[in-house]
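**Student:** First the structure, then my questions, so here it is.
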Amino acid sequence: MFVTAYFAVISLLALCVGLELTARRLTPPESSAAVNPAFRRFQATFLRAYLLALWADWLQGPYLYKLYRHYSFLESQIAILYVCGLASCVLFAPFSGWLSQALGRRHTCIFFCLSYATCCLTKLSRDYFVLIVGRILGGLSTSLLTTTFESWYVHHHVEIHDFPKEWIPTTFTKAATWNHGLAVGAGLVANLLAEWLHLGPVAPFLLAVPFLACCAWFVLTDWAKEEAEKGPEGIKQTRPLGTLNGGVTHLSARARFSRSCSDGLRCLLSDKRVMLLGGVQALFESVLYIFIFLWTPVLDPHGSPLGIVFSCFMAASMVGSLLFRVATSTRYHLQPGHVLCVAVLMAFFSLFMLTFSTVPGQPRPHESFLAFLLLELACGLYFPALNFLQGRIIPEEKRASVLAWFRLPLHLLACLGLLALHGEVSGTGAGETGSGTRHMFGGCAVMMLAALMAVVSLFTLGRNDTDLKLEGSRGEGEMY
């Protein structure tokens with residue numbers, strides 16, 4: 001597995017370079033946003049802090065499970081730790097929106113840096129309760145990372161700078177490209193620290209702390225300067241809302257939140273296309289959360305360098321994203337809906353493979369590794385296709401609340417899956433753990449088959465629906 005992992009990461013990175021060059025030739029030239037100096041300065045100000053936050057997040061990916069095993073916790077105990085992280089994501093999702101209103105977006109981003117740094121520092125402890133607290137803080141931090149930074153950018157882009165809304169995807173497409181590269185690099189750096197330098201699995205978590213401090217510094221200085229240059233209206237937007245009107249604003253914020261949730265639920269229930277797309281997302285992404293838990297115990301016993309394996313996964317996902325750009329370019333003009341079908345089918349096939357490669361007593365790690373790479377390739381195709389369809393089907397003003405409803409069954413399914421694994425592992429001996437893993441992959445395959453049926457139903461329902469199709473005149477930025 002050691003040689004296989006290194007060969008795979010080199011091959012996948014070479015493939016990424018080739019596909020990136022091909023995609024650039026096939027996609028149209030950049031919009032006027034690329035040559036606007038004010039926009040580019042604002043974009044750079046945002047990306048400096050945001051990419052540091054993403055880098056710190058990715059550093060914690062490769063060795064989380066390994067760290068808990070290093071502390072001699074059982075697989076069932078580790079499953080509970082993962083469930084705590086997922087449950088906190090669900091519970092803190094509404095809180096993160098309220099926190100942005102109460103503290104202001106910029107101060108909430110600073111709070112994210114503090115909470116995530118504290119989460120990393122809890123990894124120094126072997127106490128189970130402290131590690132649970134760390135997972136809860138990690139769930140809170142993940143909720144803030146996925147909402148608050150983007151919220152600050154969109155608000156300042158539209159309300160403060162008055163840039164065209166059509167330029168927003170330019171920034172997030174660039175962030176997504178950098179995000180893939182950072183994920184691959186994080187695996188390599190984590191492997192360097194944990195295995196080459198023999199600093200142990202806690203080292204990547206400690207390295208994340210100074211990067212979070214740098215992120216907080218940029219938010220404190222560059223973002224504050226950005227708001228100050230725009231005059232009192234910029235400062236007014238970030239003032240803590242609880243200081244106004246004797247606390248009445250808190251009541252209106254709760255009312256807005258309640259109305260937003262009810263509007264999102266009505267949109268979800270009134271449009272069958274939205275419900276089917278939400279079902280696809282819940283089933284597909286809950287399987288990914290279970291995969292995040294299971295890949296380490298499947299590959300680690302066979303001497304796999306976990307950081308390099310993680311980089312392989314991220315490179316495979318990057319290959320999928322680049323293939324999406326090529327496939328939906330004006331030359332090939334494959335519809336995103338068709339790409340989504342292919343992605344779900346690939347994911348189902350990879351999970352089907354895993355039910356045979358993880359037979360207790362007869363593990364086939366090379367086949368499991370190949371199946372994991374296929375699943376990550378499917379992820380690279382899935383996410384841009386899903387984002388395109390969400391942008392077309394879900395009204396923009398209701399998108400945030402609808403997506404919040406999507407995430408509820410997503411996390412619930414993932415938690416139930418991990419709890420089922422915890423129960424099976426707890427009820428068997430140490431030598432029977434592989435059986436629970438195999439059964440879990442079988443269950444995930446069934447869930448992915450259900451997702452495939454939902455995709456087919458969606459496009460049977462909207463066979464002649466122009467909202468689900470990509471026009472030939474549309475550029476790359478509008479897909480994301």
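Each residue, glycine too, has its Cβ placed from N, Cα and C.
Bear in mind that TrEMBL entries carry predicted annotations, made automatically and left uncurated.
Given the structure is predicted, the values throughout are model-derived calculations rather than measurements.
According to TrEMBL, the record shows the following:
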type     : residues : note
SIGNAL   : 1-18     : signal peptide
TRANSMEM : 42-59    : transmembrane segment
TRANSMEM : 79-98    : transmembrane segment
TRANSMEM : 128-149  : transmembrane segment
TRANSMEM : 202-220  : transmembrane segment
TRANSMEM : 274-295  : transmembrane segment
TRANSMEM : 307-327  : transmembrane segment
TRANSMEM : 339-357  : transmembrane segment
TRANSMEM : 369-389  : transmembrane segment
TRANSMEM : 401-420  : transmembrane segment
TRANSMEM : 440-461  : transmembrane segment
**Student:** To the transmembrane segment (202-220), which of 42-59, 339-357, 369-389, 440-461 is linked by the most Cβ pairs under 8 Å?
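**Tutor:** Answer is 42-59, with the largest number of Cβ pairs below 8 Å.
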**Student:** Between the transmembrane segment (369-389) and the transmembrane segment (401-420), are there three or more C-beta pairs closer than 8 Å, counting only pairs 6 or more apart along the chain?
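**Tutor:** No, these stretches are not in contact.
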**Student:** Can you tell me which recorded stretch out of 274-295, 307-327, 401-420, 440-461 has the most Cβ pairs within less than 8 Å of the transmembrane segment (339-357)?
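**Tutor:** Looking at each of 274-295, 307-327, 401-420, 440-461 in turn, the most contacts to the transmembrane segment (339-357) are made by 440-461.
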**Student:** So which residues does the transmembrane segment (128-149) touch in its own chain, when a touch means Cβ under 8 Å and the partner is 6 or more beyond its ends?
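**Tutor:** Contacts of the transmembrane segment (128-149) (Cβ under 8 Å, skipping residues fewer than 6 from its ends): 46, 49-50, 53-54, 57, 60, 68, 71, 73, 77, 80-82, 84-89, 91-93, 95-97, 99-100, 105, 108-109, 111-112, 115-116, 118-120, 122.
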